[in-house]
Structures are given as structure tokens and as C-alpha cells.
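I'd like to ask some things about the structure below.
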Amino acid sequence: MLLGSTVPLKALRITVPAIVLKALAFMAGLEFMTFNPLVGSVVAGAIFVMGFVLAGVISDYKEAEKMPGELRSVLDRIWTEARLLHMSKPEFDVEQVRLRLLKILRSFIEGVEQKRGYSGLEPCVESVEGLSDTIAEMEKVGAAPVAISRVKDGRENLLKNILRIYYMQRTVYLPSARILSEVLMLGVILMLIFVKSQSLVETLLMFSVITYFIVYLRYLTYTLDTPFRQGERTQDDVSLFLLKEFEKKLAKPEAKV
């Protein structure tokens, strides 16, 4: 499980060198700060601020978790309406609808990949806007108003959800609070390095636990602030298996009409 996520590993990359510095400070007699209630208050305050930022990020993450299912549902509805219309009106080009839906799916999956900075969703937005051509073609062949209305609603829902995801991926939650949490994290680690201690084993144990916890919070906040992270070795991103399954379904030869 540890190797399946980047957050624990990244936290260790800072924690281990910090532990080494703490050990060196102890052996070299560089510890000059006495542990007192003020030190404990600083540590508690840092954890509170970082927890506050994490709580705000989690609310967006929970919203993001629902979106792949909503996108899959809307895309499936549009595809079903297109196939039903083709059955009653063979002149309707359902193949173009299939290709447009595939383009939406692929541009979304590729847009949230690591190589695109997790936020390259402009092509996906353009692909969704291209569904206006499908609506015009449905009106041209005389589709039922109910079917046209469903596709229109589907297009609007797709655009709304993808733009919401685009916003999440591009923005940082409370940048000022994020900077404050960074400063507090570094300040707490440096302060604890120079706090006087009696036993090396005891101080390293306490120092490693506190440092790892604070650093872990920092990296977890960064990860959850960008919920869609294709291409990164992590278990903390929002899964896109529903969209990938539908993309494979539309790409199969039997899906062609």
C-alpha cells in the first residue's frame, strides 16, 4: 500500500533528512530551546491551520468523486437517444454521434493526465460544444421534441460538470492559507530540531512522528486539491474507470452502426 501512493513516499523524503538533522543537532549539542507550553501551542496551531485547509479541499474532492458517474450517465443517455433515433430515422448519422462522444471521453481523460498538467481540458470543452451539431442534425431529420430536449439537457450538464472540473484542476484552494501552512510546517520542523531533549531515542521517536504527520498533511492537501491525477502513481485520485469502460464500449466495432 505504501508503494501504491506518492503521498507517503513524498512525506518520507522530507521526514528522513529532518530526522538526520535532529540527530546531528542532539549529538553536536546544538539544541538550545527548552520545551514549554509555547512550543506545544505552535505545533498545535500549525496542525490546526493545515487541517483547516485540508477540510476545505476535501469538500471539493467529495464533489469531484461524484462527477465521473454523472458524466457517464449523461453520455450514455445521449448515446441511447441517438441510437433510438437512428432506428426510426435511418438517415440520421449516428456514427457521427459516436465519434463525438469518443472525442469527449478521450479529450477528458487525456486532459487530466500528468503530462498535460492535470488541467488541459480546453479540447474537451470544445468537444462538448460540438454536440450542438448533433442537436441541429436531430432537428433536421424531425426528431421528437422530447428526444431533442434530453440531448440538449445532456449537453448542458456535460458542459457544467466539465467546466467545474476544469476550475478545480486549475485553481488552488485559499492560496494565502496554503502559504501560511507551508511556513508553519517548515517553522515547526526547524523549531523541533533545536528543542532540548534528554534521550536521543525518545526525541527521535517523538520528532519523527510529529514531522511525518505534518509533512503528510501538506502533501495530502496538495494531492486532494487536484482530484483528477491520471498518470501519477497514487491511490488518492478520483478513479475514471466508469469513463474508461464507456470509452472502450464505444470504441468496439459492434458499437458502429
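Backbone N, Cα and C atoms are what each Cβ position is placed from, and that goes for glycine too.
Residues or ranges marked as transmembrane segment in TrEMBL: 12-32, 38-58, 172-194, 200-220.
Show me how these features fit into the structure around them.
Outside the transmembrane segment (12-32) by six or more residues, the chain places 189, 192-197, 200, 203-204, 207-208, 211-212, 215 with a CB less than 8 A from a CB of the stretch.
Non-local neighbours of the transmembrane segment (38-58) in the same chain are 173-174, 177-178, 180-181, 184-185, 187-188, 191-192, 195, 210, 213-214, 217-218, 220-221, 224-225; each lies 6+ residues outside the stretch with a CB under 8 Å from one of its CB atoms.
Packing against the transmembrane segment (200-220) from elsewhere in the chain are residues 6-8, 10-12, 14-15, 18-19, 22-23, 26-27, 43, 46-47, 50-51, 54, 181-182, 185, 188-189, 192-193, 236: each is 6 or more residues past its ends and has a CB under 8 Å from a CB in it.
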